[in-house]
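Q: Residues or ranges marked as domain 'Phosphofructokinase' in TrEMBL: 3-275. Marked as ATP binding site by TrEMBL: G11, R72, S73, G102, D103, G104, S105. Taken from TrEMBL, the feature ADP binding site covers R21, A22, I23, V24, R25, R154, G185, A186, E187, R211, K213, L214, H215. Marked as Mg(2+) binding site by TrEMBL: D103. The substrate binding site annotation in TrEMBL covers T125, I126, D127, R162, M169, G170, R171, E222, R243, Y249, I250, Q251, R252. What TrEMBL lists as active site, proton acceptor is D127.
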Amino acid sequence: MKRIGVLTSGGDAPGMNAAIRAIVRTAMYNKVEVFGIKRGYTGLLEQDIEPMNIYSVADIIHRGGTILRSSRSEYFKTEAGQKKGVKILNDYNIESLIVIGGDGSFKGAQALSNRGVNTIGIPGTIDNDIGCTDYSIGFDTALNTALDAIGKIRDTTSSHNRVNVVEVMGRDCGDIALFAGLAGGAESIIVPEQEYNLDIICEKLLKGKDRGKLHSIIILSEGAGSFDDLCKGIEERTGVVTRGTNLGYIQRGGSPSSFDRILASRMGNMAVNLLIEGQSSRVTCIRDNKYIDMGINEALEIEKKFDVEAYKISDILSI
Ligand code: F6P
């Protein structure tokens, strides 16, 4: 194996740069060439491909975003798109490809590997919605960004005796909401994985207020319902001024946490080593504190598990 390609795809996540750095440096250590493919599968199809070297990855371990940039490609989901992608990789003599991204990006890698390209997937998404790994690159940083914002919102919410609904990202996965809510002492956490009853949430808010609680923070995961309806519903039921804060894209940016940098460095290194060993169609994972790899087909079949115990604990602690 002489030449590998690397791309980042889907929503960017803090720590992707640390993974790219680890890939380039591990490859150089092993005398393997690396080509950076810009803008994910879109850049592959447009031949936006450049050789990388020691200078390409200098001074990036601490930077958010991805130096390779990212995209979501609809065309790459088609047979024609995938065939074109394989041809371009062949033209560049890139026999192996490392894809850093989420489930959707792994499906692209799976399609390429079915067409003879050696592929390795590295989980990178703030959503932490990939079933095969306990953590994906970017989740920890996004969680800490959300937590920092919740602390600030709590200050002003207390000063005004209000309720504040904080919407966080996560698509259909409630992990950012659950763990930011647990760590931030939220009164209620609303996630797509669990049903909720607004009357019960409001009763709890009023009981807290009667006891002298100055603020109430409700965390809403973006996939769990309408932000505006929730704010309105709470204010109507409780009569307490209810404001909303949608944290939005700040959760995707910023310097990666130490956890994400380490996770990314380990997984980037592992991905290159797997290719050097002659492995293909694998995904790097961390499970029960151990770094492992598994087949991409099996990885894509594993359903993401919601931590019901943590959810119950957060409810008990928020009385
Ligand atoms: O997958 C990461 C994520 O930030 C999700 O949490 C969110 O639903 C989505 O991407 C937003 O995507 P876009 O960048 O296309 O608006």
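Including glycine, each Cβ sits where the backbone N, Cα and C put it.
Because TrEMBL annotations are produced automatically, they should be read as predictions rather than curated entries.
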Q: Would you mind reading off the Cα separation of H215 (ADP binding site) from I250 (substrate binding site), to the nearest angstrom?
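A: Counting only the Cα atoms, the answer is 24 Å.
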Q: Grab the ADP binding residues from the record (R21, A22, I23, V24, R25, R154, G185, A186, E187, R211, K213, L214, H215) and give me their largest CA-CA distance in Å.
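A: Roughly 57 Å, rounded to the nearest whole number.
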Q: Just checking: which of the binding-site residues R25, D103, D127, M169, R171, K213 have a C-beta under 6 Å from ligand 1?
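A: Only D127, M169, R171 meet the Cβ criterion.
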Q: Could you tell me the mean pLDDT the prediction assigns to the domain 'Phosphofructokinase' (3-275)?
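A: In the predicted model, the domain 'Phosphofructokinase' (3-275) has a mean pLDDT of 97.
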Q: In the structure shown, with every protein chain counted, which of the binding-site residues I23, M169, I250 has the densest set of Cβ atoms within 10 angstroms of its Cβ?
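A: The largest 10 Å Cβ neighbour count belongs to I23.
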Q: About how far apart, in whole Å, are the alpha carbons (Cα) of G104 (ATP binding site) and I250 (substrate binding site)?
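A: Cα to Cα, G104 (ATP binding site) and I250 (substrate binding site) are separated by 22 Å.
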Q: Which is it, of R21, H215: the one of these binding-site residues whose Cβ has the most other Cβ atoms within 10 Å?
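A: Compared across R21, H215, the most Cβ atoms within 10 Å surround R21.
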Q: By a 10 A CB contact count over all chains shown, which of the binding-site residues listed here is most packed: R25, R72, R243, R252?
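A: That would be R252, with the most Cβ atoms nearby.
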Q: I23 (ADP binding site): which of the binding-site residues G11, D127, R171, R243, R252 is the nearest Cα neighbour?
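A: Result for I23 (ADP binding site): the nearest of the binding-site residues is G11.
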Q: Quick check: in three-state DSSP terms, what is R243 (substrate binding site)?
A: strand
Q: What is the total of other Cβ atoms whose distance to the Cβ of E187 (ADP binding site) is within 10 Å?
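A: E187 (ADP binding site): 21 neighbouring Cβ atoms within 10 Å.
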Q: In whole Å, how far does the CA atom of K213 (ADP binding site) lie from that of G102 (ATP binding site)?
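A: G102 (ATP binding site) has its Cα 40 Å from the Cα of K213 (ADP binding site).
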Q: Do you see any of the binding-site residues T125, D127, M169, R243, I250 whose C-alpha is within 10 Å of G102 (ATP binding site), and which ones?
A: T125, D127
Q: What is the separation, in Å, between the Cα atoms of T125 (substrate binding site) and R21 (ADP binding site)?
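A: Pair distance, Cα basis, whole Å: 17 Å.
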Q: How far is it from D127 (substrate binding site) to G11 (ATP binding site), counting Cα to Cα, in Å?
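A: Between the alpha carbons of D127 (substrate binding site) and G11 (ATP binding site) there are 9 Å.
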